[in-house]
Amino acid sequence: MNTDFEEKLKNALCNNDQNFLEHYKNHYDINHSFIDEYNDSLLLYAISDCDSEVYKYLLSRGADLFAKNDLGEGILHSVIFSKKIERLHYLLETYPSIVNMLNDSDNEGSTPILFSIMLKQRSFFDKFLQMGADIHLGDKQDITPLHMACLIKISDSRDNFEIVRSLVESGANFRVKTKQGNYPLALAVNNDFIDIVKYLSSIMYI
């Protein structure tokens with residue numbers, strides 16, 4: 001595929017130009033990936049863009065639901081970038097088999113639930129937790145979802161607290177250290193999450 005057409009293809013995805021995608025469907029592979037976008041497939045590229053709705057069209061034409069990019073990110077990672085929880089709901093309702101990817105990690109070891117906290121997307125976190133995501137899996141630095149909730153400041157700090165409480169009540173181990181030797185409590189102290197500090201202290205030192 002020449003560069004010129006590839007740029008037009010990207011533009012069609014970003015601009016919801018389904019007519020272009022349909023008209024030229026014999027000129028591209030439905031699972032084509034963009035080298036300059038970490039080999040995001042058309043589907044991953046579209047579903048991560050909050051303004052693009054053509055991911056449904058791509059899926060209807062048989063786009064590979066289980067494709068991953070060079071970063072090891074699958075569709076459950078990519079959809080979080082869109083910040084649209086209704087897309088995740090659509091995927092689960094229409095393609096329930098994607099639940100098999102719930103605990104898949106990217107190249108850094110980040111699972112979708114960990115990724116959702118990194119990207120400050122509480123609604124995605126809540127859904128992944130409800131689905132039964134493994135909350136004990138950490139990334140290559142042994143940062144678990146509980147550590148991440150004490151590390152990343154979400155716009156509303158109450159979300160941080162609620163995520164921490166949800167994880168602890170779901171059985172998250174608050175005595176696990178990262179490779180840097182940090183407990184979740186230590187990270188909460190460093191980030192001035194006073195409510196989290198009080199909460200974790202109250203259960204760690206009973």
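The backbone N, Cα and C atoms fix where each Cβ goes, and this holds for glycine too.
Annotation source TrEMBL lists repeat 'ANK' at 38-70, 141-179.
The DSSP breakdown of the repeat 'ANK' (38-70) into helical (H, G, I), extended (E, B) and coil residues amounts to 13 helix, 2 strand, 18 coil.
Per-residue pLDDT, averaged along the repeat 'ANK' (141-179), amounts to 97 for this model.
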